[in-house]
Every structure is written in structure tokens, then in C-alpha cells.
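Working notes for the structure below.
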Amino acid sequence: MNKQAIQSIVAEVVQQLSQTTKQSNTVPMAVSARHCHLSIEDVEALFGAGYELTKKSDLSQPGQFAANETVTIVGPKGSIEKVRVLGPARSITQVEVSKTDSIKLGAVPPLRESGDIKNSEAITLVGPKGSIYKKEGLIIARAHIHMTPDDAEAYGVKNGQCVRITSQGERPTTLERVLIRVSPKFKLEMHIDTDEANAGLISTGDTGILSLYEEAL
């Protein structure tokens, strides 16, 4: 085998390895519109005693679903109707909106990891059978990636770590400090809100490339 043939083979192998590495760092993306999670007590307060959420469609994360039920959320300066409830019911009530939504409401919710609502913004929810005022619970959710422990090992990351994601599309956009969330119950998927999606022309089903920071954030 001559030198030129060897160089050609080496170049091909390097290219294949590069493509494999790139593919291994690819993460599916999904756009999450405004929605709310309700406690059992608040489900009953909004929809009636003994009421249970009914499934409209399954979500990508196992066991989670979009309910048929919707509510109106009310802030100091405005309201938004038909905000989808996600099920099943949780231990606490939480409303997730985009920055654009918050401006319409006249509210100033903090950027938080889902579930971290302590000292967050107040919000009123209105349902067909009643309304409730929550002194905290309105947040803008941080961009995050759900993954299993096996996924985390493959990507070389751990729960609570932050990474960088660059979308692949007409308007490549880099999202910084994307939170890693690891659980055996999760399915690999990155979640961003509608503001982030609109800025990068990103749609559910698009992919991004994960890269690590030199130092943990």
C-alpha cells in the first residue's frame, strides 16, 4: 500500500471519528410554552371538589401529560387565558411563563429551576369553579436538559452541572448555563421557552450540540 493510500485511509478514519463525536454530543430540543402544574388541593379549588385532571396528550417525559384543563392567569397589569395545565398533580403549584408573558402580566418572575419557587412572583389562577391567589409560584424556567444516568455518563456530565448548547438551524444560537437534570425517570431532551425558541428560530425536534465549560459552573 502506497503512502497516498495510507494518508487517504487515515483522513477517512479521522473524519468518521469526528462525525461520531459530534453525533454523540447532539441533544434533541423541545419548546415549552407557558403552562402550570397544580397541587391536588388547587385542582379542586379551581375545578371543583374531587375533580381529577383528564389527559389530552402524553408529553415526552414518561408519565407526564398535557391535560384538557386550562386556567387563566392574572397579574398586576394583565391576564393570559387558556394556560395549559400539565399532569399529574404535584405537591406544589407552579406557573411557568416566558419573559414576554411576564410583561403582559405586569409581573417580574425570577429565572429559576423548575420546582424552586421560594420567594418567586405572586400569581392568581382562575378556573371554572373558583380562583386562587398564590403569594409565590410564578417563574421563568431555566433552559435545562432532562437525561438518564446512562445519558449523563455518555455526555460526561452530572446532575446540576451547566453546559453550553448551540442550536443547528438557519439561525445557530448558543445558549449558556443550560442546566443538566438527571433521573432514571427522564427521557433525553432539552427544554427551552418560546422566547429562546423564537430568538434562534428553533422548533421542537431540532437538535443542539452540547459542549462543556473548561471549569464547572
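A Cβ is built for glycine as well, from the same backbone N, Cα and C atoms used for every other residue.
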Record-annotated Zn(2+) 1 site (Swiss-Prot): member among Glu81, Glu96, Glu113 besides His35, His37: Glu96
Ala33 (CoA binding site): secondary structure state under DSSP, collapsed to three categories: coil
Environment of His35, His37, Glu96, the listed Zn(2+) 1 site - residues of the same chain whose CB lies within 8 A of the CB centroid: Arg34, Cys36, Arg84, Leu86, Gln94, Val95, Ser114, Ala141
Least buried by Cβ count (within 10 Å) of the binding-site residues Val31, Ala33: Ala33
Least surrounded among the binding-site residues, given as Lys77, His144, His146, when other CB atoms within 10 Å are counted: Lys77
Binding-site residues near Glu96 (Zn(2+) 1 binding site), in sequence order, restricted to Val31, Ser32, Ala33, Lys77, His146, His191 and a 10 Å Cα cut-off: Ser32, Ala33
